[in-house]
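For B:12-34, B:41-60, B:66-85, B:92-113, B:133-158, B:213-232, the entry in TrEMBL reads transmembrane segment. As annotated by TrEMBL, domain 'ABC transmembrane type-1' applies to B:86-265.
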Amino acid sequence: MPWRKAEKNMEANTSVPVSEEDRRLKISLKNVFKVFGERPDKALAMVKSGKSKTEIHAETGCAIGVNDASFDVKDGEIFVIMGLSGSGKSTLLRLLNRLIEPTAGSIEIDGRDITKMSRKELIDVRRRDISMVFQSFALLPNRTVLNNAAFGLEVAGVGEAERTEKAMVALRAVGLEGYADSRPNQLSGGMKQRVGLARALASEPTILLMDEAFSALDPLIRTEMQDELVRLQAEHSRTIVFVSHDLDEAMRIGDRICIMQNGSVIQVGTPDEIVTQPANDYVRSFFRNVDVTQVFKAGDIARQTQVTIIDRQGVSVAAALERMQNFDREYAIVLGRDKKYHGMVSQTSLVEKVRTGSTDPYRNAFLADIEPIAASEPLATVLGRVAGSTWPLPVVDEQGRYVGSISKSVLLETLDRAS
Amino acid sequence: MNFDIGDGVDTIVNYILDNFSPALEGIAAIIGFVTDGIQDTLAALPMLVGLAIFVLLSLWRVGTGFAVFTGVALWLVDTMGLWPAMMETLSLVIASTVIAMLIGLPLGIAMAAKDSVASSIRPVLDLMQTMPAFVYLIPAAMFFGLGAVPGTIATVIFSMPPVVRLTNLGIRQVDVEFVEAGQAFGCTASQLLFKVQLPNALPSIMAGINQTIMLSLSMVVIASMIGAGGLGNTVLTGIQRLDVGTGFEGGLAVVILAVVLDRITQSFGKERPVFWRTFFPKAARQQTEQAPA
């Protein structure tokens, strides 16, 4: 739908990377408002004429929950809505399945405007396409874990045998199949939220709304659940809209982040964009305390400053040695023709192997104990390895191709720039 | 300016008596059928069977100690020769509680669903609870004659407010996230009510039913003045003859019935083991031991 793309480019407060442009739109919000209070029409007119929230509240007694929100969520992405408490993020999330009725604007899901749907159509969409995970779990205490997981299916009228089977599959996916007959109050916080997740997954929705889903959990369990979510997302691509007040969490799991302030959308962008080009001081204030080692991945800071040697027949070791000496490097990375990482050699190891007359001196000269780092690994987990290594460490992507290296000096530079 | 409200009420009562007597007789017949049915069943129950039922219920819902108390206390009532009167009172309590629930639960649900319904019903409930009972005992007797039927109706009026109020309150107090979860997963209004709101409001609703039972027990005694019968009669006889002993015996039996009913009905708002596990704990233990494997 070309017209939609054109419109998207006109939005001032969204910055969408061009390469992502081709992914299908899943959710599309246009000029969405939510006014709480008795006289929403008057308040809405005042908002549109640019009156401040205080003026509107004084005159109409209405509060503006969401103020002119427009953005798109793409199919299969994790979209994080972030803001301080009271910024309207939970309200915005509830507009997406109309738990809260929007006052104005359109919310399209798969191209259908849900704000215009009848009650019956809406219930249908809620049963089939959208499910939700809650901050305080909202597991029904009078039901067993299994019956909680099967709740959505039961409400949709799915027969008992089928819903039990699907609920068990969902419980297995979150690792709780052994607790099917337990009651929610017998589980720990993390386990409860796994049940919440299973309940949301059981009806196999295409959209998952998560309202501060991990905020009530202690930090260790929270990280574990974030990993779990990312894993589940890798297995089964869904569109996830995740509300959070925690930037570390947003950076960790979000493909894109939407930052809200006082009911307005301030900035939408990838974690990198938000960090490198914050829209205003409010956005900047968020990551003043952010741990950069969580934001950056190994691939982000790897540099191609090391000498590389292509591993092929007929290239003499002498030529390689000369290259290293020319660039004044003690080490070189040996790559295949397909850029796949093969190993790392040093001048000393090469010379030594040539002197002992071993065949295929390259392979025998590979330095032992060098494990390449995956590009997707967060910086936090590789800090120690880089700091403890004599050599710069090579970084490879998922296909094993060489991305660059991280040396101690690169690492220090990154940490220094961030503070 | 003077409004003669009393004359107005007289006129209304007379108008109803003159024009709606078939309707009143119909209502009386239905309520009479319910109360008679319950009364006959309980009267036919041998004393030992009735005692056993109460003791088993106490053992299941409350505990061993209370079961012993129930057994001794009810045996005491029997030795005072008040068992039949107590059964009659119990049947009136059951009949009026059932009717109060049939009317009160839907009313409470309607109040929780709509604020306007709540604000219009609340003053009526206040009136029902605070209007001195003797005031509507008289018209009840005029409409329905003497006996168990007007007694039941007067009792329903007096005892219904708690179940209505606490049903309303219970539903309103259900965690917002539970309701949101129900809606988010696609509940219709009635699914939300039966699968989310009522189960979670159950402790509060049970407290309301418990209060209704207690109030109806206190009202049944007063209702004996219009011939409702039961323990109220014993108390009334005691008062009329200035026979302190008889009056005290009747009063004691009321208290015993009240305590037993209160503890047993209160327990239904709490989690208790399934019936058979209370009586066969060994089998229950074996099953839990097998469960983890």
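Glycine residues also receive a Cβ, built from the backbone N, Cα and C atoms like all the rest.
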Which stretch, B:12-34, B:66-85, B:92-113, B:133-158, tops the Cβ pairs under 8 Å count with the transmembrane segment (B:213-232)?
B:133-158
Range from B:41-60, B:66-85, B:92-113, B:133-158 with most C-beta pairs under 8 A to the transmembrane segment (B:12-34)
B:133-158
Beyond a gap of at least 6 residues from its ends, the CB atoms lying under 8 Å from the transmembrane segment (B:92-113) belong to 31, 34-35, 38-39, 121-122, 148, 151-152, 155-156, 159-161, 163-168, 170-172, 193, 197-198, 205, 208-209, 212-213, 216-217, 219-220, 223, 228-230, 261
